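These features come from TrEMBL:
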type: TRANSMEM; residues: A:20-40; note: transmembrane segment
type: TRANSMEM; residues: A:52-72; note: transmembrane segment
type: TRANSMEM; residues: A:103-121; note: transmembrane segment
type: TRANSMEM; residues: A:128-148; note: transmembrane segment
type: TRANSMEM; residues: A:154-171; note: transmembrane segment
type: TRANSMEM; residues: A:178-201; note: transmembrane segment
type: TRANSMEM; residues: A:207-227; note: transmembrane segment
type: TRANSMEM; residues: A:273-292; note: transmembrane segment
type: TRANSMEM; residues: A:323-342; note: transmembrane segment
type: TRANSMEM; residues: A:354-382; note: transmembrane segment
type: TRANSMEM; residues: A:394-410; note: transmembrane segment
Amino acid sequence: MATTSPSRRPAAELVKDAAYSALIALALAAPIIGLQTVTARGGLGLNARWDDVFLIVLAVFAGRLLLNFTIWRHQGARPIGQKWFQRAGGRPFARHGHTLSKIIGPLALAVALLLPALPFSDRYVMDLSIMVLTYIMLGWGLNIVVGLAGLLDLGYVAFYAIGAYSFALLATHFDLGFWICLPLAGILAAFWGVILGFPVLRLRGDYLAIVTLAFGEIIRVVLLNWYEFTGGPNGILGIPDPTLFGLEFARRGDNTFHEFFGLSYSSMHKIIFLYYIILCLALITNFVTLRLRRLPVGRAWEALREDEIACRSLGINTTNTKLTAFAIGAMFGGFAGSFFATRQGFISPESFTFIESALILAIVVLGGLGSQVGVVIAAIVMMGGFEYFREFEQYRMLIFGLAMVFIMVWRPRGLISTRSPSVILKERKAIGADLVGQGHG
Amino acid sequence: MNAASPLLSVRGVETYYGNIIALRGVDLDVHVGEIVTLIGANGAGKSTLMMTICGSPQARTGSVTFDGTDITRMPTHEIMRMAIAQSPEGRRIFPRMTVLENLQMGAGVTDLSHFDEDLQKVYELFPVLKARRNQRGGTLSGGEQQMLAIGRALMSRPRLLLLDEPSLGLAPLVVKQIFAAIAELNRTEGLTVFLVEQNAFHALKLAHRGYVMVNGSITMNGTGAELLAREEVRAAYLEGGRH
């Protein structure tokens, strides 16, 4: 380290640097930590906590000074954290992306399949896993639109909502079961994906983001205000549970799961069943995406992300390419929505706010656009992190924000930024036979 | 098709960008087996003509005919499926895809049964692409990217190859290599080429016939050698510019 820059920085400069850091800490901490809103008589009151702010500023000053005089002494100014991360993490995923995903994939799959049998899997762990898997599935679905086709969609939650309401309405009005409604919800969501797709065909980047954002809000506002149809803010109650070949997961009934298999009733049966449903749905999403990437339509999505003009000059119909990306992405969002509705048993527009879209998009971006394994890691880290830091209450979002900033400093293109080629030519024969069967869709 | 009628024929084409006229009634023919070049200064409308042939933007008046079919009002992707292939201006390869995947994209829309054969042909023409086949397109040098753009266009087995400024920003030696490859394709395969170039000297030496465009109109045409010899062409495009 000392060899790169042998000159020692003068002590006065180091103190000044620490003072600047303390000043930044003051500016940040004063409004965030220094002022707390409390419910007082006659409305909201402010509670000042200047002693906490003072402690934080002092800690930052002392810490920065200590670092400046010890490990940073010889290195001159540099952006916070850069070198640290490089030394600590290197570029672990970038260099070994391929081998890593080869090991992680099967390992994660094995853990996921065996999870309900593991000793620490209680009700809480299973519920959390179901939630994480839902977000993984949503992340994979959005990955088709954003990661592969490069169409920035800020309203993905709309399709999640459409899937959930499709199932809830079909089930409560027509008494249809989960397994019949699931494909219907997917088809309806895909249909709305195409409806969104048409007006935004000519848009890209920021403009597309704004329109999709508005679309997400329109769907939510319609759900909120169309009282007669959707129940408005009261939502829909009494959405049925899924059944296993007609077997119900209820304590009493004509055809219950525990009686059929001669088990004593346990509420965990249903949870484990739900867990396997979402695991299957997520794996189907992943499998379909990976297959599509190798087919002409998937390659067209990726080419579209890279260069739309070049696509047209190669005879690719960019209209169809965009619409299929929207439709297939939306379809998986709809599946996930159906599952959400059956798991909760109750849905209302409150579950489908913009923050959900932002969260799913954050999972895709942090994971690395287009990377399937990256989505899994990001979903586990983010949703798991949310749960883990629950006791920190209002500091949770602070930690979350900080973590995001650090990830973006450390890996600006997401955790897994390398794109694995959809085809690697090793033998002429192998690729030839593979391609002949494909044709163009 | 009768032998005398041209493969590509542009008649009285006027193209506008909004209300601004870019092409003022252009007539141009490309016959089977020919290399035809269009030269002109910056902003003369060369690339606009190339884009108009591809249908984006479409000509407001006049007609573009390929192999007897009127393609003036066809959408771009349908035109590009009619045995016409383009290496667009600025190369526009797919940077995050590998060389092989880029080539595959070129073949994507046609029958894939002769993919292997075509791939070998492209590799023979540009051996460097074979060496770099699993490398990402964005990591190639400018010259290699241009070769990839041409190779990608060839993968669809075109009858007409449209090249928009293939020498743009490339070292003289690389330009020579690329032009030699175009000449070889024309000689051995009989490929018809329409070449838009600013590098007038090389383009006219390569081409059988040439057109000169000034301010949206064709002002001169003739064989490559004829145009090279003409005083106006030398003065405007060649003097001090043998690069």
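The backbone N, Cα and C atoms fix where each Cβ goes, glycine too.
It is A:323-342 that, among the stretches A:128-148, A:207-227, A:323-342, forms the most Cβ pairs under 8 Å with the transmembrane segment (A:178-201). Contact check: the transmembrane segment (A:273-292) against the transmembrane segment (A:128-148) gives at least three Cβ pairs closer than 8 Å, residues 6 or more apart, which meets the contact criterion. Take the transmembrane segment (A:207-227) and the stretches A:103-121, A:323-342, A:354-382: counting Cβ pairs under 8 Å, A:354-382 has the most. With a cut-off of 8 Å between Cβ atoms, the residues of this chain six or more beyond the transmembrane segment (A:323-342) that come close are 134, 137-138, 140-142, 144-145, 148-149, 151, 153, 156-168, 171, 178, 181-182, 185-194, 196-198, 201, 236, 239-242, 274, 277-278, 281, 285, 288, 292, 297, 301, 304, 351.
Long-range neighbours of the transmembrane segment (A:128-148) within the same chain, counting only residues 6 or more positions beyond its ends whose Cβ lies under 8 Å from a Cβ of the stretch, are 112, 115, 121, 156, 159-160, 271, 274-275, 278-279, 281-282, 285-286, 289, 292-293, 298, 301-302, 305, 325-326, 328-333, 335-336, 339-340, 343, 359-361, 363-365, 367, 369-372, 375-376, 378-380, 382-384, 387. Of the recorded ranges A:103-121, A:354-382, A:394-410, the transmembrane segment (A:154-171) has the largest number of C-beta contacts under 8 angstroms with A:354-382. Within the same chain, residues 129, 133, 272, 275-276, 279, 283, 373, 376 sit at least 6 positions outside the transmembrane segment (A:103-121) and bring their C-beta atoms closer than 8 Å to a C-beta of that stretch.
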